[in-house]
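Summarising the annotation, Swiss-Prot assigns GTP 1 binding site to 9-16, 56-60, 119-122. According to Swiss-Prot, the feature GTP 2 binding site maps to 209-216, 256-260, 321-324. Under the heading compositional bias 'Basic residues', Swiss-Prot lists 469-484. The domain 'EngA-type G 2' annotation in Swiss-Prot covers 203-378. Taken from Swiss-Prot, the feature region 'Disordered' applies to 451-490.
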Amino acid sequence: MPFTLAIVGRPNVGKSTLFNRLVGKRLALVDDQPGVTRDLREGAARLGDLRFTVIDTAGLEEATDDSLQGRMRRLTERAVSMADACLFLIDARVGVTPTDEVFADILRRSNAHVLLGANKAEGRAAEAGLIEAYALGLGEPLALSAEHGEGMAELTGALMPLIDAFEETENAETEDAPETDVALDPDAEEETVVRVPTKAKPLQVAVVGRPNAGKSTLINQLLGEDRLLTGPEAGITRDAISLAMDWDGLPVRIFDTAGMRKKAKVQEKLEKLSVSDGLRAVKFAEVVVVLLDAGIPFEQQDLRIADLAEREGRAVVIAVNKWDMEDDKQGKLKELKEAFERLLPQLRGAPLVTVSAKTGRGMDRLRDAVLRAHEVWNRRVPTAALNRWLGAMVEAHPPPAPGGRRIKLRYMTQAKTRPPGFVVMCSYPEKIPESYTRYLVNGLREDFDMPGTPIRLTMRSQSDANPYKNRKKSTPSRLRKHLGKPSLKG
């Protein structure tokens, strides 16, 4: 595991701005309103030659444990315990506040290695705050400006000995580990081209849904620990939080997204940023888990979210949460399946699983459904099998003959995976009705065991494959005309 640095401090001192600078991307929401970041967010940081993991945390606040701020504080304390070092930020322009003093005392008593950073230190207005920071007893403060990139060399110098010491310890542990030989069969055939998730490219799963459907609670259950802030308040999650996890040796990166509401209801500037962040997470994901509330399933916004995931070409799993609160489970399940088939025909056959994020029931079913959806999304069908299948489908139900012209479906191949995409070479592709395309897509789903995954089917004329079609025949230049054809004898 890489060296981990947690950025902590009270709200609005510039933690997310510094996080974005270290990661090199705009991953965290940034606003001048305190308390924008509410969860733990991880990123791969680059600072000069240094490479490490950085955690952006919720703002430290003095608050009762039952309040939202109290839960944010507990989550931050957890990040400090997980990290190899933490960078405690204060606002140099404001100076040291009583809240800074309280949390500096907490950090001094912790076992963590603490660096002190005085952010927003650009300009003369920050000089007094920089001097005040010495009184916190955390060593010499680093004068930083996350917004303008100032002080990064000093931060590099402070982190370098910590990371070097960490890597020496890691290398010593690796050298002591036993070696394992893996025998490879040179005659083994590669039957599929399915990409197996790796640490560098893990399986990417996004959990989406309306506000307060239980997305963060669900992810905490899958992780086996409280990494995301949860509570009864709707809209607690404001960023698309990305977390790494391991499913029985399979590397997975899971995205918790802000709840998506109708555009008319998304008025606050921060919520608009959060929802667009969630939409971006859907585009990055391979499998999208659409989380419904069992009490009010398949609301209009649920249908929009599921349709968006399908149009983006993602594998989709429907998960119905709060199942522990249902009394007539059999009757409710039958009702859900009927509504699913009626309201989301474009996702016909996609997995529908019932879960309880609160109690942890159904987590194994959900995980199996995600892995199955991913496998189908990556599936490739041999060309010979496709063309035998196409012949049988045409024989059973020939395409129509508009205007007396018989349409011939000559050849079929799979052009892509993720999601599966097929091309049929035919005559008059523009004349093939949508109903016949649906007939073929439904047949592909059923006969090649591809339930629920988006399938793209394109009808193409054989002449479309000719790159020289509609190109004018080149005429000889005046010089060639004058010289005539070159003699073969030279």
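Quick reminder: no glycine exception, Cβ is built from N, Cα and C everywhere.
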TODO: Please tell me which one of the binding-site residues listed here (Gly209, Asn212, Lys215, Thr257) sits closest to Asn12 (GTP 1 binding site), measuring Cα to Cα?
DONE: Thr257
Task: Gly209 (GTP 2 binding site) in three-state DSSP notation - done: strand
Task: Model confidence over the domain 'EngA-type G 2' (203-378) (mean pLDDT, whole number) - done: 81
Task: Shortest C-alpha distance to Trp323 (GTP 2 binding site) - which of the binding-site residues Gly9, Lys15, Thr57 - done: Thr57
Open item on the list: Using only C-alpha positions, which one of Gly209, Asn212, Thr257 is spatially nearest Ala121 (GTP 1 binding site)? These are the binding-site residues in the record.
Closed with: Thr257
- [ ] Starting from each candidate's C-beta and looking 10 angstroms out, tell me which of the binding-site residues Asn12, Thr57, Asn212 has the most other C-beta atoms.
- [x] Thr57
Task: Rounded Cα separation (Å) that holds between Lys15 (GTP 1 binding site) and Lys215 (GTP 2 binding site) - done: 24
Open item on the list: Nearest by CA distance to Thr57 (GTP 1 binding site): which of the binding-site residues is it, out of Gly209, Asn212, Lys215, Thr257?
Closed with: Thr257
Task: Cβ neighbours of Trp323 (GTP 2 binding site) where a neighbour is any other Cβ within 10 Å - done: 20
TODO: Sort the binding-site residues Gly209, Asn212, Lys215, Thr257 by C-alpha distance from Gly9 (GTP 1 binding site) and give me just the closest.
DONE: Thr257
